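Record features, source TrEMBL:
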type: ACT_SITE; residues: 227; note: active site, nucleophile
type: ACT_SITE; residues: 319; note: active site
type: ACT_SITE; residues: 321; note: active site
type: BINDING; residues: 17, 199, 201, 228, 231, 269, 271, 272; note: L-glutamine binding site
type: DOMAIN; residues: 1-103; note: domain 'Carbamoyl-phosphate synthase small subunit N-terminal'
type: REGION; residues: 1-148; note: region 'CPSase'
type: REGION; residues: 345-368; note: region 'Disordered'
Ligand SMILES: NC(=O)CC[C@H](N)C(=O)O
């Protein structure tokens with residue numbers, strides 16, 4: 001797939017949501033600012049391959065302590081340059097994101113048909129669950145900063161460091177939990193709220209995370225989800241998801257906040273989306289009351305946010321942590337903190353109540 005950001009390649013490479021994907025950069029000149037210790041969004045580079053037109057031969061930045069080339073080598077990730085990435089992008093826009101291969105070493109001398117057979121033998125992104133590959137194995141805690149709101153359970157489906165920092169800045173004691181945590185283990189930290197992160201893979205292949213989220217919503221806990229978290233909230237509420245032809249990956253995507261009429265320029269990285277009517281109020285097929293699409297992508301009218309009207313839950317498909325990207329959507333972290341404050345005031349911090357809607361509890365009502 002292709003990414004259109006002209007800056008922030010280090011954040012892109014270390015964003016776990018790119019796991020399993022070969023990233024083609026439309027910006028022609030990549031690597032000028034090298035790499036540093038401050039910008040990684042996670043513990044490693046996750047892309048499967050990196051395709052650029054013209055890598056910088058000189059690293060020039062006061063923060064740099066290495067080059068892009070060295071960083072890719074250290075992480076065992078293959079990069080390829082000298083490619084007309086804009087021509088590749090035009091093909092991807094016409095034909096959609098597809099499986100691909102970058103061959104080096106002995107594989108480079110294989111016949112094209114043999115290379116094609118290797119690519120065709122690779123797994124499709126549709127139907128793939130990659131959460132276990134990127135999630136932490138053990139929980140970790142980042143202390144709250146400023147006014148303390150309480151413990152926040154973050155399900156690590158591929159969380160970015162900038163998200164953790166934004167949540168800690170809002171007063172949450174951020175507990176990053178492994179993706180296979182049980183509802184009992186999650187509730188044991190006595191969270192005031194729950195957050196689902198971004199992450200790689202097809203949301204339709206994440207039934208366990210959807211079930212866990214339904215347990216969280218049944219507890220009446222406030223919820224915020226970003227990107228993969230938005231898709232999983234959609235599924236928990238009873239909506240379907242689908243694969244976009246070539247996805248949204250860049251840092252200048254216009255999104256309408258329907259509540260304010262304001263247009264935000266935002267960072268995106270998603271290949272799937274929630275299927276829901278853009279206008280009007282929808283009744284949750286899973287019995288969570290009313291919900292609506294809160295944000296819409298203006299390039300192609302894709303659902304970019306959801307809000308439940310009868311339970312304290314909302315999510316966005318794009319990236320308010322904006323690493324890299326513009327900060328227009330940063331208010332969403334404040335909106336989450338406000339929701340938790342309101343909820344704590346009405347329910348009491350230590351005794352979460354069930355939402356005032358009755359929910360059928362069978363498992364076969366999942367719509368996808
Ligand atoms: N950044 C994300 O969370 C991506 C979500 C999902 N894997 C998608 O491609 O749509």
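Note that Cβ sites are derived from N, Cα and C of the backbone, with glycine treated the same way.
Caution: TrEMBL annotation is automatic and unverified by curators.
Feature map: TrEMBL annotations on the structure.
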| residue | record | contacts (Cβ under 8 Å, 6+ apart) |
| --- | --- | --- |
| 17 | L-glutamine binding site | 46, 158, 198, 199, 200, 227, 228, 269, 270 |
| 201 | L-glutamine binding site | 19, 20, 125, 128, 129, 130, 131, 228 |
| 231 | L-glutamine binding site | 203, 241, 270, 272, 273, 274, 317 |
| 271 | L-glutamine binding site | 1, 97, 125, 243, 244, 246, 247 |
| 319 | active site | 160, 198, 226, 227, 266, 267, 268, 269, 325, 329 |
| 321 | active site | 160, 162, 163, 165, 166, 226 |
TODO: Helix, strand, coil: count each for the residues of the region 'CPSase' (1-148), based on DSSP.
DONE: 45 helix, 21 strand, 82 coil
- [ ] Quick one: average pLDDT across the domain 'Carbamoyl-phosphate synthase small subunit N-terminal' (1-103), no decimals.
- [x] 97
Open item on the list: For a quick check of understanding: given the listed L-glutamine-binding residues 17, 199, 201, 228, 231, 269, 271, 272, what is the maximum Cα-Cα distance in angstrom, as an integer?
Closed with: 13
TODO: Quick one: of the recorded positions 201, 228, 272, 319, 321, flag those whose CB is under 6 Å from ligand 1, and say none if nothing qualifies.
DONE: 201, 228, 272
- [ ] Take the Cβ of the residue listed as 'active site, nucleophile' and count every other Cβ within 10 Å, whichever protein chain it belongs to.
- [x] 30
TODO: Using DSSP reduced to three states, classify residue 199 (L-glutamine binding site) as helix, strand or coil.
DONE: coil
TODO: Please work out the number of neighbouring Cβ atoms within 10 Å of the Cβ of residue 269 (L-glutamine binding site), leaving out its own Cβ.
DONE: 28
Open item on the list: Beyond the listed site residues 17, 199, 201, 228, 231, 269, 271, 272, identify every same-chain residue whose Cβ lies within 8 Å of the center of their Cβ atoms for the L-glutamine site.
Closed with: 158, 198, 200, 202, 203, 227, 270
Open item on the list: Highest Cβ count within 10 Å among the binding-site residues 228, 272: which residue is it?
Closed with: 228
